[in-house]
Structures are given as C-alpha cells and as structure tokens.
Amino acid sequence: MGSIIDAAAAADPVVLMETAFRKAVKSRQIPGAVIMARDCSGNLNYTRCFGARTVRRDECNQLPPLQVDTPCRLASATKLLTTIMALQCMERGLVDLDETVDRLLPDLSAMPVLEGFDDAGNARLRERRGKITLRHLLTHTSGLSYVFLHPLLREYMAQGHLQSAEKFGIQSRLAPPAVNDPGAEWIYGANLDWAGKLVERATGLDLEQYLQENICAPLGITDMTFKLQQRPDMLARRADQTHRNSADGRLRYDDSVYFRADGEECFGGQGVFSGPGSYMKVLHSLLKRDGLLLQPQTVDMMFQPALEPRLEEQMNQHMDASPHINYGGPMPMVLRRSFGLGGIIALEDLDGEDWRRKGSLTFGGGPNIVWQIDPKAGLCTLAFFQLEPWNDPVCRDLTRTFEHAIYAQYQQG
C-alpha cells in the first residue's frame with residue numbers, strides 16, 4: 001500500500017512542484033519564495049512558503065524564514081495598486097480616463113519631447129503633439145520612458161541633465177523629458193508615478209494616506225505601506241533584497257537604497273512594501289469582483305484590451321524583440337498580447353485549458369514577483385521572490401512550474 005501512495009504522490013504535479021522549490025532553496029539557487037493561489041468560489045486556498053527572507057544569518061546563525069506576512073518590496077507590482085487608486089478617482093468623478101491631465105498635472109503637460117541631439121551634442125527638445133490622458137498613463141502610451149530603458153534618455157543623463165536615482169527623490173524620476181507623443185507608441189516608463197501624483201492632487205491626500213484608507217482598510221490589510229521606515233513593526237521582519245551574480249550565479253546580499261530610506265514622496269510606480277498575503281487579498285478582490293475596491297464594471301474594464309491595433313502590434317514587436325527584459329515573465333515570448341488597465345492581457349490561451357486562459361491579466365515586479373488574474377479559469381496566482389535581477393531564469397522556471405501545477409490540480413477538481 002505504501003508504494004502505491006508514494007507512486008501517486010510522485011505523479012502529483014503539486015507535490016513535484018513543491019519538491020522543485022525545496023530543491024532550489026537547498027541548492028541555494030534561491031533564498032526563498034512564497035506562492036499562493038485562490039479561486040472565485042473559495043474552494044482553492046493554496047499557500048506555501050519556502051526558504052529564508054535573506055541570505056544573511058542572524059545572531060543565532062539562523063536564516064529567518066520567508067513567510068506569508070513578511071514585508072517585501074513590491075517594486076513595479078506597486079503599479080496595480082496605483083492603477084486601482086486612479087480608477088477609484090474615476091469612479092468618484094474626480095477625473096475622467098480620457099480627460100487631458102492639464103488640470104491636475106500641468107507640469108507633465110508642459111514637459112517637452114526629446115528628439116535627439118545635434119552635431120554639437122546638444123539636446124533637441126520640442127513641444128509635445130497631442131494631450132496626455134489618464135488612459136495614456138495607465139497603459140504606458142503617454143510617450144514617457146524609464147531612463148535605463150531608452151538610449152536617448154541615457155545620453156541625456158550622461159550629459160548631466162538628470163540626477164541619479166540614488167537621490168531617491170520622485171522629482172528625479174519625473175524629470176526626464178518624454179521621448180514621443182501620447183498615443184504614438186507603447187513605452188514602459190514612469191507613467192504610474194505620474195498617475196500617483198494625479199491621485200494625490202485629485203484627492204488632496206498623499207498616496208500613503210490614500211492607500212491606507214481606500215485599499216488597506218476595505219480589505220483589512222495592516223502590512224502594506226509606502227513608508228517602510230515609519231513602520232518599525234514591519235522593518236524588524238522585512239525581507240532583504242538578494243542579487244544573483246551574473247558571472248557565477250551565486251547569491252549575495254544587496255544593500256539596496258530602497259530598504260535604507262523612504263522616498264521623499266510616494267512612488268506610485270514602485271514604492272510599496274507588503275506581505276505576500278496582503279497583496280493576494282487585492283488580487284482575490286479583483287477576481288471575485290466583490291466591489292470592495294472597484295465596482296464590478298470597472299474591474300471588467302481592466303481586462304479589456306486598451307490598445308488600438310497599431311499600438312498593439314508595436315507593443316508585441318517591442319516585447320518580442322526584448323527577451324532580455326521579458327515584461328511578461330513566465331509567459332511564452334510568442335504569445336499575442338495587449339495591454340489593459342493594470343497589466344498585460346493574454347489574447348490567446350497560453351496552453352489550452354492547462355494554463356492561463358485568453359483574457360488573463362498579469363504583471364510583476366523587479367524582485368521576480370509575478371501576479372496574474374484569470375477570470376475565465378476563475379483563478380488568481382502569485383509568485384513572490386525577493387531576488388534580482390528581474391527575469392531570473394530560476395525564478396521564471398519555478399513560477400511556470402508553480403502555475404502549471406495549480407492549473408492541473410484545479411482542472412482535476
């Protein structure tokens with residue numbers, strides 16, 4: 001009888017998946033991970049924690065465990081939260097998705113477009129053609145880019161026009177000029193940082209207060225904040241950031257500025273710290289369309305492709321040509337995608353009924369955090385690492401293994 005049970009366990013995809021995570025921890029391929037899955041009905045409530053929250057041993061020579069309530073840096077997984085906050089402002093009539101941002105973000109409206117450099121090396125700046133809307137910001141079609149992703153902005157910074165991100169002031173993040181006009185192309189950039197400023201100006205609240213009152217309070221969340229340094233209860237048990245050395249693959253502690261000081265203001269595109277369990281509450285609320293954060297019709301809008309065909313084609317070409325960035329994390333690179341209000345939308349099933357379905361919404365964060373909400377399958381999943389850089393092959397493969405196992409288990413009932 002024992003051998004029959006052992007054989008059944010060995011064939012169970014969830015057992016095999018969990019074994020893969022434990023082996024990755026034991027072989028020091030990852031410090032730790034938290035993986036979670038929920039369904040609409042409440043029948044699936046899956047959480048597993050593996051390994052440690054740091055590679056640094058404590059005073060007892062132990063590695064403290066990574067747990068479901070360990071405060072972690074969300075990085076760009078913050079963008080979903082800021083999208084929700086902006087859509088709440090829309091629901092309350094404080095801003096319209098297609099209204100120009102001139103009224104609330106005149107500083108953004110006045111920003112020029114960097115076209116290039118003349119023969120003498122001087123920047124060529126021009127006025128923007130067209131008006132930026134909130135929809136442009138939420139879909140990364142405003143013409144803004146991150147400095148590290150765009151050669152024109154890297155050159156602009158090299159000439160001394162921009163401060164280093166080490167200053168950790170939001171103005172340095174918001175200062176770079178645009179690189180194209182609104183609606184001209186899909187470019188990943190500081191759009192959600194600007195959307196966060198829009199929420200602040202529309203409501204008269206800073207983004208931390210707004211987050212606490214409008215996301216944390218409705219969901220009973222107590223460990224989510226932009227202001228980690230002001231939360232000694234979270235600081236004492238937070239995860240460290242770990243970095244994988246590209247030369248030999250070894251892990252090392254990363255003394256990141258994000259953990260040493262709060263930003264001068266709230267970064268709507270990257271600034272939140274949260275326990276994995278609390279972030280899952282947000283995902284599950286959206287999956288259930290329970291009205292605690294957004295009206296059901298607004299949630300439905302998030303899952304509608306928001307790009308016109310030309311922009312959708314350009315975004316797919318850009319993503320296909322950028323495997324080193326791999327915005328979709330574990331998604332197949334050949335998949336047809338669009339962008340919704342909050343993340344990447346799959347325009348086809350990833351693997352029939354055995355993985356994410358057409359219409360699923362996903363994004364992530366730099367420490368290899370990947371979230372996805374799949375309305376058709378009735379599932380949401382979350383893979384939480386605190387290991388950089390993004391698109392780490394070990395984390396990516398483990399995330400795929402996790403999601404496949406959950407879908408297989410769920411299909412079996």
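Just so you know, glycine gets a Cβ as well, placed from its N, Cα and C.
The active site, acyl-ester intermediate annotation in Swiss-Prot covers SER76, and the record cites similarity to another entry as its basis. In the three-state DSSP reading, SER76 (active site, acyl-ester intermediate) counts as helix.
The monacolin J binding site annotation in Swiss-Prot covers ARG73, ARG173, TYR188, TYR258, GLU388, TRP390 and rests on similarity to another entry. Secondary structure from DSSP puts TYR258 (monacolin J binding site) in a helix.
Annotated 2-methylbutanoate binding site per Swiss-Prot: GLY366, in sequence order. Annotation note: GLY366 (2-methylbutanoate binding site) sits in a coil segment as assigned by DSSP.
In sequence order, HIS140, SER145, TYR146, LEU149, ILE325, TYR327 make up the list of same-chain residues 6 or more apart from TYR188 (monacolin J binding site) whose Cβ falls under 8 Å from its Cβ. Within its own chain, GLY366 (2-methylbutanoate binding site) has ALA75, SER76, GLN270, GLU388, PRO389, TRP390 as residues 6 or more apart in sequence whose C-beta sits under 8 angstroms from its own.
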